[in-house]
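Chemist: Got a structure for you, written out below as structure tokens; questions coming shortly.
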Amino acid sequence: MEIKYLLTVFLVLLIVSDHCQAFPFSLIPHAIGGLISAIKGRRKRDLDGQIDRSRNFRKRDAELEELLSKLPIY
């Protein structure tokens with residue numbers, strides 16, 4: 001093999017091994033944060049916020065439909 005192919009293969013292997021080594025260590029903080037939020041019950045509060053946003057969206061949609069129905073037809 002020529003040296004440029006060997007260098008290319010070496011660099012690809014170096015990049016892949018670096019990503020594989022960093023992968024488990026990036027999962028640890030996310031797992032800890034998920035456990036803490038599950039213990040504190042943040043998910044429940046987030047769902048309540050999503051429900052409120054959904055209600056507000058439906059209310060705005062109904063108001064928009066009412067406004068459009070009142071506009072004259074051109």
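Glycine is no exception: its Cβ is also placed from the backbone N, Cα and C atoms.
Because the structure is a prediction, the values reported are computed rather than measured.
Residues or ranges marked as lysine amide by Swiss-Prot on the basis of experimental evidence: LYS40. Annotation source Swiss-Prot lists signal peptide at 1-22, citing experimental evidence.
Any idea what these are sitting next to in the structure?
Modeler: Cβ environment of LYS40 (lysine amide): no same-chain residue six or more positions apart lies under 8 Å away.
Long-range neighbours of the signal peptide (1-22) within the same chain, counting only residues 6 or more positions beyond its ends whose Cβ lies under 8 Å from a Cβ of the stretch, are absent.
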